[in-house]
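Asker: This is the feature table in TrEMBL:
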DOMAIN    B:23-122  domain 'Fumarylacetoacetase N-terminal'
BINDING   B:ASP130, B:GLU202, B:GLU204, B:ASP236  Ca(2+) binding site
BINDING   B:TYR132, B:ARG146, B:GLN243, B:TYR247, B:THR363  substrate binding site
ACT_SITE  B:HIS137  active site, proton acceptor
REGION    B:169-190  region 'Disordered'
BINDING   B:ASP236, B:LYS256, B:SER260  Mg(2+) binding site
Protein chains: 2
Amino acid sequence: MNQSAIARSWVEHANGHRDFPLQNLPLGIFTHKNQAKRCGVAIGDAILDLEGALAAGLFEGQARTAVESTRGGALNAYFALGRVARVALRERLLQLLGEHSEHQAALKPLLLASAECQLHLPAQIGDYTDFYVGIEHAKNVGKLFRPDNPLLPNYKYVPIGYHGRASTIRPSGTDVRRPKGQTLPAGQSEPSFGPCARLDYELELGIWIGQGNEMGESIPVAEAAEHIAGFCLLNDWSARDIQAWEYQPLGPFLSKSFISTVSPWVVTAEALEPFRCAQPARPEGDPQPLSYLLDKRDQAAGAFDIELEVLLLTERMREQNLPAHRLTLSNTLSMYWTVAQMVAHHSVNGCQLQPGDLFGSGTLSGAQPGQFGSLLEITQGGKEPVQLASGEVRKFLEDGDEIILRARCVREGVASIGFGECRGKVLPAR
Amino acid sequence: MNQSAIARSWVEHANGHRDFPLQNLPLGIFTHKNQAKRCGVAIGDAILDLEGALAAGLFEGQARTAVESTRGGALNAYFALGRVARVALRERLLQLLGEHSEHQAALKPLLLASAECQLHLPAQIGDYTDFYVGIEHAKNVGKLFRPDNPLLPNYKYVPIGYHGRASTIRPSGTDVRRPKGQTLPAGQSEPSFGPCARLDYELELGIWIGQGNEMGESIPVAEAAEHIAGFCLLNDWSARDIQAWEYQPLGPFLSKSFISTVSPWVVTAEALEPFRCAQPARPEGDPQPLSYLLDKRDQAAGAFDIELEVLLLTERMREQNLPAHRLTLSNTLSMYWTVAQMVAHHSVNGCQLQPGDLFGSGTLSGAQPGQFGSLLEITQGGKEPVQLASGEVRKFLEDGDEIILRARCVREGVASIGFGECRGKVLPAR
């Protein structure tokens, strides 16, 4: 990699940082030592207190408007401002945190060690929608039920999605209480009630909605990218045994609504720009998207090439100081629909999107073993347990297990960036 | 009816009022002549301005706390107070508005003509969940697909529900823009895009959640009734052609999310108390609810006996001054699960409910023609059109059609109450 071409920060630990070099600059909401929630930007292992920098008079014009809108402990108003203000803030932050910054003395006291801060949800979530655009996941799951015909007839026409539960979305680090519910034991005709026995994770990309639309209006696919405020990681924890019994005919419900976890930093389209690549051609014979989903600019912009990883750490592995076990190494290139197509589809019926709404991509699996984004796929519904270096095996998650999602964008000649962690540990059922 | 036993109001038009006699006293959020949103109580054809009555010093103790919590244009904080404050406010309102009130002079200037006020959503809705507890509807719809086995195996064990869209819930009177979307024309293998051709209504009871629960905790069925703030009517507008193509495998999505309409007044459990009747016994052979759904007090309290009605008014009927056509006369007694069971089920996995969340019951149809709560059932999927006095026929809703939901509670020896209207007119697709 040609490091010389990569702009550096005077915040030394940011240079070469796994997730948060100068080129990333994601916003988030944090608290420091019992102070009120405020907005910060991640830079290396630190958080720059944006409200402090505002008070120090370091922002003007659009960038100032942007920072002012972040006050109050949630980024909804900032999301609503849209791309122009976001880009202005990014440009100013590149100046302030770049190696030639004239404001190092003023900024140094505003850099807080991330380890001393607590991260929160970046926005108040109005509605949460979970899509199903990971085509390999759809095939993998479909194969468990219909080996010869894994994809349903609508899959290649409709960006399938459904409404999820907003009230139980939590930031990384929140414990996951094992849910209880009804399940139908194998071979039985009557259900039982008790703790979930097939607890699973789902590896997803989260999409934060920026500017919304009025009810009854639609967002054209050509404008849809402008309505996206940023991205995160999302773990759509799933109770497979509850899901199998409850989901007909109206879809998943209590099998998902006990908690969903997001990474707290909002990574922007601008930061991800170097990591887009030409859309992989749809396989021969796949239909063209209907016209309301088709935009040349969207196709030309390319898909996001984001490497996604899932790590498992059991209680015993922590005791034995063993490294986390990698369950999944996948990529957002497996998305059959672009995020612009998801926005256009969601609003084509006049459904109102609002700043701070959250989309999930659906599970992003690859086609090969090692790339599967859930234990359901990895263990083939519990038939092929995972072997761990601790001597343990896992069909599904056990109490004390911790799941860590990570992301990484790598390209020759540019600084790599990541998303930070999306982490959660399973607690026993109450 | 023994009118002499029925307490009367000094607000004369309230006595014998179809919906809002002294015995009802539902709260709502209204605006009057461009003033800020405030809370009022419906009494006859008027709205009593509760904030004005508070300023006049007419409330003390719990009732005062209750009215204070209604300030700010939404009832979420009031819902969160729970039953004790709600009952205290009701008791005080019965004094203030009863025929022996000593405060008539102070209250008269605070009575606003309902016709001069605009009604709004009573609360800021966090999450919206639509259930499917109308067993006759489930059977009627199931029969269209599986004549011999209309109910799925989980129906009599699981209070089936799914997450709905909160951002597009609107108060009665909001126009309904015909949605556009993908549909699969009969006999075709590829979908088309265009305006919905099978627009439908669904007649539902709405349930407002009061006190919530922490994530990871459950609300026991024995306590669940305490977590309900009140009731309304809900029209779950549905695009049947979009629904048929999109809903596998994750449930209805854009076919529902374009709008849902609620009646704006929050009718309390206390007002509905005289209209409960012993739960109709489950049919011979039906399973007992699992223990987390079973509570003797809940069973003994009885089901709500609320008569529900759907009226259709077409453009031509309005021009010809024809009366509205009754499409449905149904009853909440068709609910297979109680509202307490719905709350207990929803939270049994630790899902957090919050004040201002909304539940829909699902479509409440009877078993007989004339009792069907949607056109899908009435016209058998469009095969048997409805004949109207205007000479028109309807398979599904056409532009200009207005749907009006009403409710009525009637019992010998007590004042009848209603819910007010839940009304919406269909506008052409954009």
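Cβ atoms are placed via backbone N, Cα and C, with glycine included.
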Asker: Setting B:ASP236, B:LYS256, B:SER260 aside, what same-chain residues sit with their Cβ within 8 Å of the center of the Cβ atoms that define the Mg(2+) site, listed in sequence order?
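Answerer: Neighbours within 8 Å of the Cβ centroid, excluding B:ASP236, B:LYS256, B:SER260: B:ASP130, B:GLY164, B:ARG165, B:GLU202, B:LEU234, B:ASN235, B:TRP237, B:SER238, B:SER257, B:ILE259, B:GLY360.
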Asker: Quick one: average pLDDT across the domain 'Fumarylacetoacetase N-terminal' (B:23-122), no decimals.
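Answerer: Mean pLDDT, the domain 'Fumarylacetoacetase N-terminal' (B:23-122): 98.
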Asker: Considering only CB atoms and a limit under 8 Å, which binding-site residues from B:TYR132, B:GLU204, B:ASP236, B:SER260 lie near chain A?
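Answerer: Of B:TYR132, B:GLU204, B:ASP236, B:SER260, the entries that lie near chain A are B:TYR132.
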Asker: List, by number or range, the same-chain residues at least 6 past the region 'Disordered' (B:169-190) whose CB is under 8 A from its CB atoms?
Answerer: 119-121, 125, 128, 196-197, 199, 237, 239, 241-242, 244-246, 254-255, 258-264, 358, 399, 420-430
Asker: B:SER260 (Mg(2+) binding site): which of the binding-site residues B:ASP236, B:GLN243, B:THR363 is the nearest Cα neighbour?
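Answerer: Closest by Cα: B:ASP236.
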Asker: Report, as a single number, how many Cβ atoms besides its own are within 10 Å of the Cβ of B:GLU204 (Ca(2+) binding site).
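Answerer: 30, counting other Cβ atoms within 10 Å of B:GLU204 (Ca(2+) binding site).
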Asker: Please report the DSSP secondary structure of B:GLU204 (Ca(2+) binding site), reduced to three states.
Answerer: strand
Asker: Same-chain residues six or more away whose CB lies under 8 A from the CB of B:ASP236 (Ca(2+) binding site)?
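Answerer: Listed in sequence order: B:ASP130, B:GLY164, B:TYR201, B:GLU202, B:GLU204, B:LYS256, B:SER260, B:GLY360, B:THR363.
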Asker: What Cα-Cα separation, expressed in whole Å, is found between B:GLN243 (substrate binding site) and B:HIS137 (active site, proton acceptor)?
Answerer: 16
Asker: Would you mind reading off the Cα separation of B:TYR247 (substrate binding site) from B:HIS137 (active site, proton acceptor), to the nearest angstrom?
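Answerer: With the alpha carbons as reference points, the distance is 18 Å.
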Asker: Here are the binding-site residues: B:GLN243, B:SER260. Which has the lowest count of other Cβ atoms within 10 Å?
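Answerer: Taking B:GLN243, B:SER260 as the binding-site residues, the minimal 10 Å Cβ count falls on B:GLN243.
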Asker: Give the number of CB atoms, excluding that of B:TYR247 (substrate binding site) itself, located within 10 Å of its CB.
Answerer: 21
Asker: In whole Å, how far is B:ARG146 (substrate binding site) from the residue listed as 'active site, proton acceptor' when you measure between their Cα atoms?
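Answerer: Distance (Cα to Cα, whole Å): 14 Å.
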Asker: Have a look at the recorded positions (B:HIS137, B:ARG146, B:LYS256) and report the one with the fewest Cβ neighbours inside 10 Å.
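Answerer: Comparing Cβ neighbour counts within 10 Å for the recorded positions B:HIS137, B:ARG146, B:LYS256 gives B:ARG146.
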Asker: Rounded to a whole angstrom, what is the largest C-alpha distance between any two of the residues B:TYR132, B:ARG146, B:GLN243, B:TYR247, B:THR363 that the record assigns to substrate?
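Answerer: 19 Å is the greatest Cα spacing among the residues binding substrate.
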Asker: Residues with Cβ closer than 8 Å to the Cβ of B:TYR132 (substrate binding site), same chain and 6+ apart in sequence?
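Answerer: Counting only residues 6 or more apart in sequence, the Cβ neighbours of B:TYR132 (substrate binding site) under 8 Å are B:ALA138, B:PRO159, B:ILE160, B:GLY161, B:TYR162, B:GLY362.
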Asker: Starting from the Cβ centroid of B:ASP130, B:GLU202, B:GLU204, B:ASP236, which together make up the recorded Ca(2+) site, report each further residue of the same chain whose Cβ lies within 8 Å of that point, ordered by sequence.
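Answerer: Result: B:LEU203, B:LEU234, B:ASN235, B:SER238, B:LYS256, B:SER260, B:GLY360, B:SER361, B:GLY362, B:THR363.
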Asker: What does DSSP say about B:GLN243 (substrate binding site): helix, strand or coil?
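Answerer: The three-state answer is helix.
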